[in-house]
Amino acid sequence: MAYPFQLGLQDATSPIMEELTNFHDHTLMIVFLISSLVLYIISLMLTTKLTHTSTMDAQEVETIWTILPAVILILIALPSLRILYMMDEINNPALTVKTMGHQWYWSYEYTDYEDLCFDSYMIPTNDLKPGELRLLEVDNRVVLPMELPIRMLISSEDVLHSWAVPSLGLKTDAIPGRLNQATVTSNRPGLFYGQCSEICGSNHSFMPIVLEMVPLKHFENWSASMI
């Protein structure tokens, strides 16, 4: 999860987030090289006589500054499209969970089980226990099995919301009357926090999301106790 004065991204918990982190580093390297080259040329122009005021035509230069940006854009677009298709692909999900956004809480329904559904509200600051996180803890966590593909169906009962868990690389809009899909896969157990990421009213900041990823055996015990 995030911590104060953090400079980088949160630790990746899913294969998708690992790919997004690698793509971020890849793109940042390209931006850094371009920025360094531009600053170097500007510094040469200011400190030397590297100017050609009499040049009227330079076909070679124009060819280079046309082809080179196109190649750079291709180097950015190809991995981006690959990740985009990976995020939309899901085969044989082990579990399907329907998520509904409300003003201002989330409700969850495990569609593979009968009567396994609940609302998830933020715990007020005055009710927090020692060690719990302010504005991030909820009364009912979403318990899911780790290392299995899980399909999240996301929608809204009222206004636009957005279901986002950064460490899993997830951010999916919850739109009234529309059902969006996301894939959740966790490589390790633990608690993973997120929040509504679409301004949805006065209590928008009080819609946390908590996923508790556990081994399959623990999930089966939990689901049996909830039914």
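Even glycines carry a Cβ here, placed using N, Cα and C.
Per Swiss-Prot, the feature topological domain 'Mitochondrial intermembrane' maps to 1-14 (among others); the stated evidence is similarity to another entry. The list of residues near the topological domain 'Mitochondrial intermembrane' (1-14) in space but at least 6 beyond its ends in sequence, with Cβ under 8 angstroms from a Cβ of it, reads 20-21, 24, 166-169, 184-188, 190-193, 213.
Swiss-Prot lists 15-45 (among others) with the feature transmembrane segment.
Per Swiss-Prot, the feature topological domain 'Mitochondrial matrix' maps to 46-59; the stated evidence is similarity to another entry.
The transmembrane segment annotation in Swiss-Prot covers 60-87 (among others). Nonlocal intrachain contacts for the transmembrane segment (60-87), taken as residues 6+ away from its ends with a CB within less than 8 angstroms of a stretch CB, comprise 16, 19-20, 23, 26-27, 30, 34, 169, 182-183.
In terms of DSSP secondary structure, the topological domain 'Mitochondrial intermembrane' (88-227) contains 21 helix, 61 strand, 58 coil. If you look up Swiss-Prot, you'll see 88-227 (among others) marked as topological domain 'Mitochondrial intermembrane'.
Other C-beta atoms found within 10 angstroms of the C-beta of HIS161 (Cu cation A1 binding site) number 30, with every protein chain shown included. The Cu cation A1 binding site annotation in Swiss-Prot covers HIS161, CYS196, CYS200, MET207.
Listed in sequence order, the residues of the same chain lying 6 or more apart from CYS200 (Cu cation A1 binding site) and placing their CB within less than 8 Å of its CB are GLY101, GLN103, TRP104, VAL159, LEU160, HIS161, MET207. Per Swiss-Prot, the feature Cu cation A2 binding site maps to CYS196, GLU198, CYS200, HIS204.
Sequence-distant contacts of GLU198 (Cu cation A2 binding site), defined by Cβ-Cβ distance under 8 angstroms and a gap of at least six in the same chain, are LEU160, HIS161, SER162, ASP173, ALA174, HIS204. The Mg(2+) binding site annotation in Swiss-Prot covers GLU198 and rests on similarity to another entry.
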Neighbourhood of CYS196 (Cu cation A1 binding site) by C-beta distance under 8 A, where only residues 6 or more apart in the same chain count: GLY101, TRP104, HIS161, SER162, TRP163, ALA164, HIS204, MET207, ILE209
Other residues, Cβ within 8 Å of HIS161, CYS196, CYS200, MET207 Cβ centroid (Cu cation A1 site): GLY101, GLN103, TRP104, TRP106, SER162, ALA174, GLN195, SER197, GLU198, GLY201, HIS204
Cβ contacts under 8 Å made by the transmembrane segment (15-45) with residues that lie 6+ beyond its boundaries: 9, 51, 72, 75-76, 79-80, 82-83, 86-87, 166-170, 183, 185, 187
Neighbour count (Cβ, 10 Å) for MET207 (Cu cation A1 binding site): 27
Surrounding CB atoms that lie within 10 Å of the CB of HIS204 (Cu cation A2 binding site), all protein chains: 17
